[in-house]
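Q: Below, the features straight out of Swiss-Prot:
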BINDING   His111, His115, Asp297  Fe cation binding site
BINDING   Val134, Val135, Ser136, Gly137, Gly138, Asp167, Gly180, Asp184, Asn269  substrate binding site
Amino acid sequence: MGKVILGIETSCDETAVSLVEDGRKVLISLLSSQVDLHRLYGGVVPEIASRRHLELIFPLLDEAFRKFPREKIAAVAVTYGPGLVGALLVGLSVAKSLSYALNVPLIGVNHMEGHIFANFLEDANPVFPALVLVVSGGHTDLIFMRGFGDYELLGETIDDAAGECFDKVGRVLNLPYPAGPVIDRLSKKGKPIYKFPVARLKEEGYNFSFSGLKTAVRVFREKNPEAKVEDIAASFQEALVRALVENTEKALKECMPAKLYLAGGVAANSRLREEFLNLGKTYNVPVHFPSLQYCTDNAAMIAAAGYHRYLSGKYAPLNLNAYPSLMLGEERY
């Protein structure tokens, strides 16, 4: 057996535990979602999320250890940022305790790096340099990746993240939280007949802006209450995907990567996946995105990223802290 890494993820509203061998073979992947709990409030409530993580993490670990001998674990990898500080501290405290008790290295993993590494759980042929678009509820980042752990941030959102925009538009349309999957489904029943604006920033670069799009949908809805929700959803989704794809295409032409990757919760969007495949065909660049189960927060991606840090000897001290605003590529130990 190769090196088995225990991954722990508690950065937001998903409590997850996973055991992954050699960064690729998922032996166990357990997850308990808090979506139903936070749906009552239309979004994640940090205090509730932290308390729920405390209730869920130990049963998940017990289940994992019933299926796999803990003495065969080579290291414990845990998300230490970015995310909700209280939620992060739950996973971090448990990971430190396990590292000490099992006498194995502790490895701190950046949550965004975890999303990127979700691709490498399944991609048998990672190629670099690569262009990576990470789209989630809290981030919209376009990244040039020269190799494992070598990142250059090309562009990011200057206001709302793409996933955040989905949820805010969902509230305008009276859709349940999280709105992203609902809008995706509704869009397949509607037509993108309304032309919502796509922000084109004046400065050079690859930054994104979605606040104007969100406002445009709200104003349109107020002025056109009779418009079909399915058509509004399809039109909004088309505009948002267009914004993501246009910047990615611009970077693709200028950076000439060997491969194109998509990551993060919004990577599950069917229209975005379709357009990324079209980009790959147009520019003859291979495209990879995670299977749906690894797009949203999970611990397998944390274990995968942790494995590569383990190979590099990047072990964290037991006084490792949580960093809610941790940047990709930023090292805090």
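Backbone N, Cα and C define each Cβ position, glycine as well.
Not measured: the values here are computed from a predicted model.
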Q: Determine the Cβ neighbour count for His115 (Fe cation binding site): the number of other Cβ atoms within 10 Å of its Cβ.
A: 31
Q: For the binding-site residues Gly138, Gly180, which one has its C-beta crowded by the most other C-beta atoms within 10 angstroms?
A: Gly180
Q: If you compare CA-to-CA distances from Gly180 (substrate binding site) to each of the binding-site residues His111, His115, Asp297, which comes out shortest?
A: Asp297
Q: Among all the protein chains here, how many other CB atoms are within 10 A of the CB of Asn269 (substrate binding site)?
A: 27
Q: Can you tell me which of the binding-site residues Val134, Ser136, Gly138, Asn269 is spatially closest to Asp297 (Fe cation binding site)? Compare CA atoms only.
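A: The answer is Ser136.
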Q: Rounded to the nearest Å, what's the C-alpha distance separating His115 (Fe cation binding site) and Asn269 (substrate binding site)? Just drop the number here, would you?
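A: About 15 Å separate the Cα atoms of these two residues.
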Q: How many Å separate the Cα atoms of Gly138 (substrate binding site) and His111 (Fe cation binding site)?
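A: It is 11 Å, counting Cα to Cα.
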Q: Would you give the longest CA-CA distance, in whole angstrom, between residues of Val134, Val135, Ser136, Gly137, Gly138, Asp167, Gly180, Asp184, Asn269, the set recorded as binding substrate?
A: 19
Q: What three-state secondary structure does DSSP assign to Asp297 (Fe cation binding site)?
A: coil
